Amino acid sequence: MAATQLAASCRFAAASSTQSRAGRRTHAAFVTAPAQRLASVSSISAASSLAPAAAVRAPRCRAAAAVSVRSEITYVMIKPDGVQRGLVGEIISRFEKKGFKLVQLKMMKVTKEVAEEHYKDLKDKPFFPDLIGYILSGPVVGMVWEGQGVVWEGQGVVKAARKIIGATNPLEAEPGTIRGDLAVQTGRNVVHGSDSPENGERETALWFSGHGIVEWEAHMKPWLVE
């Protein structure tokens, strides 16, 4: 329905713009051909009344066309140190305030199999055993956030979430990011976020196997993007 309305709006804007140009040509005839003035007045009036609408609607059409309708998800996990330090509410709030939509949430004790599968790309690193031990040391909070595929400054929700989280090393993370504000060491950096749309899908399937995501309609989008 929204796509149909947008298309109709854009067609109206294009037609209005054409009529506006026709109005300008009519105005030229009005000036140079006095005998046709009475006939021209009604044409000029009608075209001019449509011109402001075209001027307003055309930019909205361009802005809407720049926003993809493709949905993108990212998996975010509050690690054991974040849970133990009571940062769950603070971290969730950061994503909600940005305008992300929460579509899955669960507190859980991690199994070794799931932890090793999640970090399989680091399996050959010397710190891998310690990393797995750290993730198994306490409960974690897993969540899935959704957003438009192109949001806020042209970024997808995965990329935007990574900016909110900050650099892996908290000492290199920007102030205002989660890690920049709440962590001091890489080995205790509070939170994980998917690093690509593909991993967002993979990690969601791993951590919420058999559950999927919760489908619900958020009404904040018109207040976030045009």
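Just so you know, glycine gets a Cβ as well, placed from its N, Cα and C.
Please treat TrEMBL annotations as automatic predictions, because they have not gone through curation.
Per TrEMBL, the features are:
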- 71-215: domain 'Nucleoside diphosphate kinase-like' (DOMAIN)
- LYS79, PHE127, ARG162, THR168, ARG179, ASN189: ATP binding site (BINDING)
- HIS192: active site, pros-phosphohistidine intermediate (ACT_SITE)
Assigned element (helix, strand, coil) containing ASN189 (ATP binding site), judged by DSSP: coil
The residue listed as 'active site, pros-phosphohistidine intermediate': tally of other CB atoms within 10 A of its CB: 20
Rounded distance in angstrom between the Cα atoms of ARG162 (ATP binding site) and HIS192 (active site, pros-phosphohistidine intermediate): 9
Among THR168, ASN189, which are binding-site residues, the residue with the most C-beta atoms within 10 angstroms of its C-beta: ASN189
Least buried by Cβ count (within 10 Å) of the binding-site residues LYS79, PHE127, ARG162, ARG179: PHE127
Greatest inter-residue Cα distance in Å for the ATP-binding set LYS79, PHE127, ARG162, THR168, ARG179, ASN189: 23
Cα separation, HIS192 (active site, pros-phosphohistidine intermediate) to PHE127 (ATP binding site) (Å, whole number): 17
Distance, the residue listed as 'active site, pros-phosphohistidine intermediate' to THR168 (ATP binding site) (CA atoms, angstrom): 9
Inter-residue Cα distance where the pair is HIS192 (active site, pros-phosphohistidine intermediate) and ARG179 (ATP binding site), in Å: 10
Whole-number Å value for how far HIS192 (active site, pros-phosphohistidine intermediate) lies from LYS79 (ATP binding site) (Cα to Cα): 7
Predicted model, mean pLDDT over the domain 'Nucleoside diphosphate kinase-like' (71-215): 93
DSSP three-state assignment (helix, strand or coil) for ARG162 (ATP binding site): helix
